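**Q** Before anything else, here's the structure in question.
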Amino acid sequence: MAKPWLEELKFELYGLAIITLALLGMASLFTPAAGTVGHFLARGLTVTAGSGRYLLPVVLFFFGIKVMRERKVNGITPRAWGLVILLISTLTFLHLFIPPDQFFRAAWQGQGGGLVGAAFSYLLYLCFGVAGSYILLAFLTITGIVLLTGQSLARFLGITDQAVRSTAQRLGKRLTDFFFEEVEEAGTRKQTSPPALPEKKDNLPLPQPDALAGETETQEESTKNRRQQKERRKQNAREQDGMELMETEVAPCALADGRPYRLPPTGLLAKPRPRDNSILEREIAEKKQILEETLASFNIQARVTQVSVGPAITRYEIQPPAGIKVSRIVGLADDIALAMAAPGVRIEAPIPGKAAVGIEVPNREIATVQLRELLESREFMESPSRLTVVLGRDIAGAPVIADLGKMPHLLVAGATGSGKSVCINTLIASILFKATPDEVKFLMIDPKMVELTTYNGIPHLVSPVVTDAKKAAGVLRWAVKEMERRYELFARTGVRDIKRYNDLFRTAGENPATDAAPPPDETATATTTQPEGPLPFVVIIIDELADLMMVAPADVEDSICRLAQMARAAGLHLVVATQRPSVDVITGLIKANIPSRISFAVSSQMDSRTILDMGGAEKLLGKGDMLFFPVGAPKPMRVQGAYLSDEEVENLTSFLREQAQPVYDQRVMEEPPVEEEEARVEEEDELLPQAVKILIENGNASISMLQRRLHIGYARAARLIDIMERRGIVGKFEGSKPRAILMTMEQYQQMFGRTG
């Protein structure tokens, strides 16, 4: 264990010695009070580099810092060659101003580029002359800059050319607009000037005063419109110069005041930070060697064939030799984690589509994946779906983009602090950056009252964010009714889904429902089947399912299952999140109807199996580390989630609020009358008379007894008890005491005699 510590200490001492030498050299050049050693250092630097003597201590200083940081010496790298070439070119250029016969005399006096500049200047002067020397020095200088910076000269020239062209085009457009606007205003002034009076002729009719006034008002309006257009163009130019737009996109959506809707620019989000790959490369080389040695100590002679570097983890792909069972490697997960000093290791055996085993090891430093870099990626920009969402980056660092329309519903679960809420925000923001309020609407349910309330007031909302868990069941029932209403529209128009319906609407240019034959009962369906335009997608966000299941488990489960089974074609999509992935929250029915799932870090393998039907989520690192299991995939995909800060969410929502106000659907928050609700619940359950008779005969009200006698589940039995309580058949819940039976058999015969 002492050897790595001594190696690190050795390089720190090397770097410290180089920095000390550089500081001594710099001090000797600026002050004579540096002693004998300082005098010799100053003389050596002056003779060697001449006027460029101040550059050498600076280069040494930064080289010492590099050795201390990286704790290694890489040898002569291309950047080091670039620095040497650039330094020699500079010293040689300084010396070419001295006459050739005084090259070395001036060098001993500390002039020009010193002995280095004198030697190279003499060689260049003999071989190429003065003109050729300057040309060759220019070539060497450019070569040194390219090697030092690592940037292509052609790319630099292309960027410069593009910037010059773009600036010239903007300047030319502004000058042209200004010139034509001045000409138009001059013409307007000329037109509005008093016309010359004609010669006196009795047969010419004089213009009427009303006509003159109308003409003057028309000219004034046109002048005012031109000025408004001019101000609007100036404002757009300022916005384009100050903000990066995705493609200066103006969506085909008009606001209430006639202005075009503008999609949010990515300039509202933070820029990604550059990542230092030098430290990561050294870490990968060390862990690769440790992994092979650890496997060899267990008689598994495997070698690492490929390394995939991600933001949070690195996957080492090993190819075991013939005769080695994969289960042996999987069983060594804890031993590998111990050898690598890692908090945990996840083994994927085998990798789908590859003859290799993947060993996922956490990086020492987790790189933050900013949402902005993914929104500007080619995959997101070229996706045609308005429900395209950004998740993060996979193990190889590639963007992970998904289409919510194809999922078609998503279940998100994870412990507190694992990144679940940030993931919900990135899903919402991805759609807001791509869709207009006419294309996608949101229905948000947030019983915690702190996660989604930031989005209140944006124009994409169907209703204000629902924070009362008791009202959430009614909101979900509205979603079910909206789904049924849309299916009625599809049946009337002869289409199968929302895409074909909207295409038909846009093609017809009018309401397609009016062209179809009316239903038999026209008066009964006129209020529910008449659309107002193309239907938007509706994304229903439920941030905490556990709170809803505690308040109204039966109603919430029924609504979620109905929506999950049927709502895809109607354009309604569910995103359900919970931090308590237990079987009483994520029931079998809910899990069976929501095929796409995301799991963040959980506390136990049991919770992981509840979400993903397999283990693995308990080994995640947290802070956005997730397993994404889309519908149709054989295994979940490990993803480092994109990060979206609260400040970025506030910037986005403020931009949206400034454009338009939301238009809420009042039917969402309407509560049905109590009589209607009771009739609806009772009407759906034909076992009510039989259940009441059982309770009266036994003399007590018990949910478990109804379950046994009627062979029904807990949810239905509890719902029957609630109906009886509302109708005054049984008493209220009193803790450990049994409910009182308030109805006699005679009263039962009067109420249910026709059905009993």
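Residue 1 is the first one shown; counting continues down the chain.
Quick reminder: no glycine exception, Cβ is built from N, Cα and C everywhere.
Sharing the record's features from TrEMBL:
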- Gly414, Ala415, Thr416, Gly417, Ser418, Gly419, Lys420, Ser421: ATP binding site (BINDING)
- 512-531: compositional bias 'Low complexity' (COMPBIAS)
- 397-609: domain 'FtsK' (DOMAIN)
- 186-247: region 'Disordered' (REGION)
- 509-531: region 'Disordered' (REGION)
- 12-31: transmembrane segment (TRANSMEM)
- 51-68: transmembrane segment (TRANSMEM)
- 80-98: transmembrane segment (TRANSMEM)
- 122-148: transmembrane segment (TRANSMEM)
**Q** Who sits close to Thr416 (ATP binding site): which same-chain residues at least 6 apart have their Cβ under 8 Å from its Cβ?
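**A** Long-range Cβ contacts: Gln579.
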**Q** Could you tell me which of these binding-site residues, Ser418, Ser421, has the greatest number of Cβ atoms within 10 Å of its own Cβ?
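**A** Sorting the candidates by Cβ neighbours within 10 Å, the top entry is Ser418.
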**Q** Would you kindly list the residues that approach the transmembrane segment (80-98) from elsewhere in its chain, counting only those six or more residues past its ends and only Cβ-Cβ distances under 8 Å?
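**A** Tertiary neighbours of the transmembrane segment (80-98) are 49-52, 55, 59, 106-107, 111-114, 116-118, 120-121, 124-125, 130, 133-134, 137, 140-141, 143-149.
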**Q** Through the lens of DSSP with three states only, how would you label Ala415 (ATP binding site)?
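**A** Looking at the DSSP assignment, Ala415 (ATP binding site) belongs to neither helix nor strand, so coil.
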**Q** For Gly419 (ATP binding site), which residues in the same chain are close in space, meaning a Cβ under 8 Å from its Cβ, but six or more apart along the sequence?
**A** Phe600, Gly622, Lys623, Gly624, Asp625, Met626, Gly641
**Q** What is the one among the binding-site residues Gly414, Gly417 whose Cβ has the most other Cβ atoms less than or equal to 10 Å away?
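**A** It comes out as Gly414.
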**Q** I need the neighbours of the ATP site defined by Gly414, Ala415, Thr416, Gly417, Ser418, Gly419, Lys420, Ser421. Which other residues of that chain put their C-beta within 8 angstroms of the C-beta centroid, in sequence order?
**A** Gln579, Phe600, Ala601, Gly622
**Q** Using a 10 Å cut-off, grab the number of neighbouring Cβ atoms around the Cβ of Lys420 (ATP binding site), all chains included.
**A** 26
**Q** Measure the Cβ-based neighbour count of Ala415 (ATP binding site), defined as the other Cβ atoms within 10 Å of its Cβ.
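**A** Result for Ala415 (ATP binding site): 20 other Cβ atoms within 10 Å.
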**Q** For Ser421 (ATP binding site), name the DSSP secondary structure in the helix/strand/coil scheme.
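**A** In three-state terms, Ser421 (ATP binding site) counts as helix.
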